[in-house]
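A short worksheet on the structure shown next.
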Ligand code: GDP
């Protein structure tokens, strides 16, 4: 599936940059066009793969290229004021060649948190292609203001996109790691999961066509209907038969096929369970998910229809959904078989409820402090008997 990716803010830009790197490394060709938008010049300069003419600095007259300092209301205002500059970068994208837009942002900061929903709304008004969001939630140790920003942005972003895929930094935080090093690994994780998911609908010429290949329309149909999505992943190393499946064909001749295929089927079903019950990009209860898509990626000799069918049935039981799609993504040279599960329309997400609770507390606390400090400043500045007069 070919995407036009727009990274808003620092996290958004870095993740889109990583997608481009992944694209170059694997030849998956999912990024048809990429752009980065920011109010901070230094963040745009730190990107490596997004072409320089596709990096848009907005809000120059307001913040002089220094960013909005985690003020997402300002981030949203600036995005609205400078939307024409963003559109300028989008104008150079051959939109007829893309299947969808993907707007990526960290929701805890200012620029992306405020700007991403504004951009999504703008894109939806202008184009007929679906507009998806990839929103990153902050770690719970980042503090009240980040949580408040994320809770408000999440609410707004969900409403403006055709589907919001969520990645929760909090679930992926590792202790004892530098923040930068931590993000590096986290961004790899994001790109691996979504790279395989979107790559599945983008079979290149000359690639082996498997029995039931995932098509981009299946990804689009799973995401359609709006709401919030999460992605599960599991992989297992396998030894690749470099002679293009010759060995497996030889095995067929001496009757080894059945054993082999039973083993393959079992491996697939166990990978499906691991992916669905392991760590999701947004941890949640999978029961009640409205739709799901199961992608099995790997060398063709390790994929089989029976495994996918079983995995699909199991997912139907677990989610209670009747809309579970599944298919292959023949993928040579990686040395692994991987399962990616997209769970769309999830509603039982304790993490979001907790985020909102902390956000409300932070908001009350901020209001209180603001009122108090106004009173305190008044006390300090005015003399007790009100005998002094201001100049003007
Ligand atoms: P902005 O530039 O004002 O939009 O803010 P940032 O993107 O710098 O930060 C917003 C939030 O995104 C932070 O609170 C972090 O939770 C998260 N974040 C920042 N950088 C990264 C990154 O490289 N990867 C990931 N996964 N999250 C990040």
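Just so it is clear, glycine is given a Cβ too, placed from its N, Cα and C backbone atoms.
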Say TrEMBL lists 10, 11, 12, 13, 14, 110, 111, 112, 142, 169 as binding GTP: which of 163, 187 is in the same site, per that record?
187
Would you mind listing, in sequence order, the residues at least six apart from residue 142 (GTP binding site) in the same chain with a Cβ closer than 8 Å to its Cβ?
108
On a simple 10 Å Cβ count over all chains shown, which one of the binding-site residues 10, 111, 187 is most densely packed?
111
Quick one: DSSP breakdown of the region 'Disordered' (372-392) into helix, strand and coil?
10 helix, 0 strand, 11 coil
Give the residue from the binding-site residues 12, 14 that has the most other Cβ atoms within 10 Å of its Cβ, counting over every protein chain displayed.
12
